[in-house]
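Engineer: I am attaching a structure below and will ask some questions about it afterwards.
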């Protein structure tokens, strides 16, 4: 007898895996009909755009790329400034002999009197220090020179860039970025999982081939459970974050029935899956250290923006196809004003810090406690306050809470070593002012991380210790994912429509621009020799915008 559930799962997985391989023929056909808006359509945008140097020339990928193209043609000082920043960045990311070589190269190329590439735009004390720099004070002096170089670029070069064809091209891309987004913009594939308000499925952008995960929140379910505020807060936080170690939001839109968040596709499974479903329980130590380094960096990025994660646990740490991990599910994250605290109870029981259970004031301390619990679980295959027999004998929630408040974790598993025990103990200090990460300290400086070069890690230059197999779907079978019951008796009003509109803002600049670059569409549409196809609707031709669907 045919197992239809198994067949459905096979079909879903096959289509999903095939989509990740791409269809170049279909993609080329679609792209021939695309074109950027005409320059004259960008006049209002030129006036309204915030002329912030850091945003336009450093953070936004297309803006950064076009500003660098301008600098390469903007005269000797502009060219030299760009070369210096590139060479200094190379030095910052180098190690050992390569770092020494890069330092010597910078001194000889930019600091020696009479050099063709001397930094002539430097003035005063910084110029004097640059010319006299030595190996001993190199790092300190170059920090000052870097700041002065950026100040130079923010002046006349930035002003002249805004009057150049390169900035005109940037405005065309910004106008294109504003295109309306709907479900017709994507192909939809298998369901990856379900949560309290909806499901997560794999999607693919039709025009670029980029794969994403789409979190579809049921509008009626949100309204019934009063989840609108939480959904909007998660969306706004995701828009703000820009870290390799936190899932990126690329698009936000709505359909008749759902609010949709389109985010990084993390198809390597979550860490909980890797702890409990692959081989022996637990994860190898080199992987644990690597993942924790990325997690800690992601948490610090949130804390720098006064955002507390509040749901740190292995289940919320996802791996991508390259084996890099990111924090996900920011539904419980909250922004806390500087100097303020909260005492709200939130999180997952086994990872809750004492201050959450006691409902006493807290800020970022709760994330470091939860990270300590997560490291323990990755090593041992069980959480520190449930113990190894939790599966055989269910430990009641009240008992777990009692242990968190009154007991110290036991380190009986054979894979615990001295450094690992120490960092876990430091994270699981019951008093906040004694806890690692809560004493104006950086947890990444603990000896446990001695094998990690964090500058290179943040630049994405360290190869992961484990890479997912490309032909494996690290997600539950579609038949194992429970269906939702129908929501009846829920109607929408003007207030709901206003909320949906506030949520549905389309493309998110940084992630969208990176997609355009990574998939080659930026180079293709920016090619001055490219011949535009006659494809597209009459409305497209009249407006000069691209054919979207």
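Backbone N, Cα and C define each Cβ position, glycine as well.
Annotated phosphoserine per Swiss-Prot: 33, in sequence order. Summarising the annotation, Swiss-Prot assigns domain 'RGS' to 53-171 and lists sequence analysis as the type of evidence. As annotated by Swiss-Prot, domain 'Protein kinase' applies to 186-449, with the evidence given as sequence analysis. The active site, proton acceptor annotation in Swiss-Prot covers 311 and is backed by sequence analysis. Among the features that Swiss-Prot reports, domain 'AGC-kinase C-terminal' is placed at 450-515. According to Swiss-Prot, the feature compositional bias 'Basic and acidic residues' maps to 527-543. What Swiss-Prot lists as cysteine methyl ester is 546. Look at Swiss-Prot and you will find 546 tagged as S-geranylgeranyl cysteine.
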Engineer: By DSSP, what is the split of the domain 'RGS' (53-171) into helix, strand and coil residues?
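Structural biologist: Tallying H, G and I as helix, E and B as strand, the rest coil: 90 helix, 0 strand, 29 coil.
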Engineer: Which entry in the list of recorded positions, 33, 311, has its Cβ near the fewest other Cβ atoms, using 10 Å as the limit?
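Structural biologist: Checked 33, 311; of these recorded positions, fewest Cβ neighbours within 10 Å: 33.
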Engineer: Express the predicted model's confidence over the domain 'RGS' (53-171) as a mean pLDDT, rounded to an integer.
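Structural biologist: Value for the domain 'RGS' (53-171), mean pLDDT as a whole number: 97.
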Engineer: What is the separation, in Å, between the Cα atoms of residue 311 (active site, proton acceptor) and residue 33 (phosphoserine)?
Structural biologist: 44
Engineer: Any idea what DSSP makes of residue 33 (phosphoserine), helix, strand or coil?
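Structural biologist: DSSP call for residue 33 (phosphoserine): coil, neither helix nor strand.
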